[in-house]
Amino acid sequence: MVAYVPLILPATWLLDARGLRLTALLGAGLNAVGAWLKCGSLAPQRYPLTLAAQAVCAVAQVFILGLPSRIASVWFGPTEVSTACAVAVLGNQLGTAIGFLLPPVLVPNTPNDIDLMAHNISIMFYGTAIVSTLLFFLAGVVFEEKPKYPPSHSQAVLQNKPPEDYSYKQSIINLFRNIPFILLLISYGIMTGAFYSVSTLLNQMIVTHYEGEEVNAGRIGLTLVVAGMVGSIICGLWLDYTKTYKQTTLIVYILSFIGLLVFTFTLDLGYLIVVFVTGGVLGFFMTGYLPLGFEFAVEITYPESEGTSSGLLNASAQIFGIIFTLVQGKLTTDYSPRAGNIFLCAWIFVGIILTALIKSDLRRHNVNSGIMNLDVKAVPVDSPVEPESTTLKIQSDL
């Protein structure tokens, strides 16, 4: 989380300047390097090397997390773009699910047999390194920059713009002048940061009320993420079918708030099956929100870069995630899991209000529908290019 915030701007600049393929290869390559470095840290005195390796992987994720919405926009048409984004986000959720499931199985707690523990950790580290390396080579073989023909009118418009008309600095300024995007930036950070906090502290919350249930805590975390994967796909399909970005985002936000309230006040009932159900419902809506936020941001910020808008959303989520995890962890330790969860509920309620205030200006959808908005431009207002002649040129080229 800490690495993401200062590196997001250089990473999104690289995505805009050098494209999808180089960015994906850099992320996959660094992830593989970090994984192999961990394989060399299999001794208690080499823990600093483990941290250094994890730092390399942390840098790698900066290049990966912003790709879903960019890939969806570049490669998929208007009727499939939101579903494509949801499927791409699925990869991040799948990794989290595997992280909940496999480590407790591969590395059981064996404090009396350090050699066995080292052997088990080595299996996990080498397995991760081999998979990461395979993915890097696969990306190098099959990953292409863009299709031969633009999949949508909005992409065709962007590809017809002269490169000299684009300014990364101006794009960032335009985004921070966009009030609906700022509201979404904060509300997305609150929701996703809350999800990060719940995921991080889930084991502690479960074990507080159900002693010795570490394995089931991992399974509940898995349930939360898998349910979220289903929620992501359903939300993506729904957006492609209805294009109701704000309404869907607001409804999912409200249902996440209700889900967290129910989870909070049923956690200590003494029935693990109840926690499985409420955790699944919570994950369905909270994780299902992720592609909604990405796609809504792309719509209200078009024609700015999808990678930049989604990267800023992720940075907001990391910042809120760090703050929420620290505060909720402190409240959980000093008082109870209920106190920490109520803290999150209060913030999510604020997020509902901010989401309700967002003006739904679906710029990309309007362009794809043939509604050309001359006020939408990715260049400064004082650019010497005349909007009218630019629009005519684009239309004639198409």
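Using the three backbone atoms N, Cα and C, a Cβ is placed for every residue, glycine included.
Just so you know, TrEMBL annotations never went through curation; they're auto-generated.
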> TrEMBL lists transmembrane segment for one of the ranges 71-91, 218-238, 365-385; which is that range?
Replying inline: 218-238
> Is the transmembrane segment (49-67) in contact with the transmembrane segment (310-327), using three or more Cβ pairs under 8 angstroms as the rule and ignoring pairs under 6 apart in sequence?
Replying inline: yes
> Would the transmembrane segment (123-143) count as touching the transmembrane segment (179-198), i.e. at least 3 C-beta pairs under 8 angstroms with sequence separation of 6+?
Replying inline: no
